[in-house]
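Trainee: Here you go, one structure.
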């Protein structure tokens, strides 16, 4: 299965600079932790090019994370010129001939380039890493983050042998095409790509983005028998303006989209459970009140939607030792009431907002989205072919993380 991991645990010690690059998983980790850092995304063997997509970027910290033997390789950074670090990034690109900077245009006010993704091109194919951390030091320490790293896939998605970097264009006609190419790549990894791009999307294109895309995937591919009593669990690090009542969007189009299943008449929308830290969770976190800086839910917005309190549940991750590591991860799932059967799971950059997920307009004939987001959907039936590791048989079809095969 693809690796889906979370960030640092509450037993972490402050890592050295070398640990930030290499990440020693064993040191100071509880037995149940699965902890990874950016160094795991930067394995250099056979790497040819890299693309980083993100919202907040500290260029000095980012470049310091790359192993020295990788720093000469082509690097493309995709963000918005609205970013607070845009001028710093421009200076870095000017000084470093191997670094390019691309502006992801935001034609609609209050939108953001919120995607968090890494593309790595190797001689063996393209690797996609979907994650939830900004490219700043604070997001990779004492936070709970999510990361889905897939093995490199050899797939012909670039025309006329174009390089990975050359394919990353953001013209009016092409800004969505590369995302559809990524959709193809992750399909080979047995997961489904769920993204958002700014605009008003109509017709067949409407089902490609936002909650309409997730609705389309669940309606077509979810094969688990889902009972109407199964709740929808939404976990996020920020909340947008959702309307004056829950029915306006949360319990309306949003939960309806996420409540779909293939070949089943689901009836009413599912029960919604929202996971978000309370004041006490933040106060007692590893960072104390400073940890709440990654949870930008403003009073102005909260005051207008007090109804959300009846759906909120506190953040807890006792089994993974992360209850005190503030959650910057964003995850959505549907499971049974006893939490022992899973219908689907989504890891994404999208918080709970109409800007990220979209909202219907013109009698649901178009979806209006303000921001760029990316995520991956896991469906249980896609992994039924997984086999246990057998030590004394050969595995020659695919190389491992070190480029080797197994032939005992």
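Glycine is treated like the rest: Cβ placed from N, Cα and C.
Pulled these from TrEMBL:
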type: REGION; residues: 1-39; note: region 'Disordered'
type: COMPBIAS; residues: 11-24; note: compositional bias 'Basic and acidic residues'
type: BINDING; residues: 116, 330; note: substrate binding site
type: SITE; residues: 353; note: site 'Interaction with DNA'
Trainee: Roughly how many Å lie between the Cα atoms of residue 330 (substrate binding site) and residue 353 (site 'Interaction with DNA'), rounded to a whole value?
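Mentor: Cα-Cα, rounded: 12 Å.
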Trainee: Could you tell me the C-alpha distance between residue 116 (substrate binding site) and residue 353 (site 'Interaction with DNA') in angstrom, no decimals?
Mentor: 17
Trainee: Can you tell which of 116, 330 has the most other C-beta atoms within 10 Å, given these are the binding-site residues?
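Mentor: For the binding-site residues 116, 330, the Cβ with the most other Cβ atoms within 10 Å is 116.
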Trainee: With an 8 Å cut-off on Cβ-Cβ distance and a minimum sequence separation of at least 6, pull the same-chain contacts of residue 353 (site 'Interaction with DNA'), or say none.
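Mentor: Non-local contacts for residue 353 (site 'Interaction with DNA'): 238, 239, 240, 241, 242.
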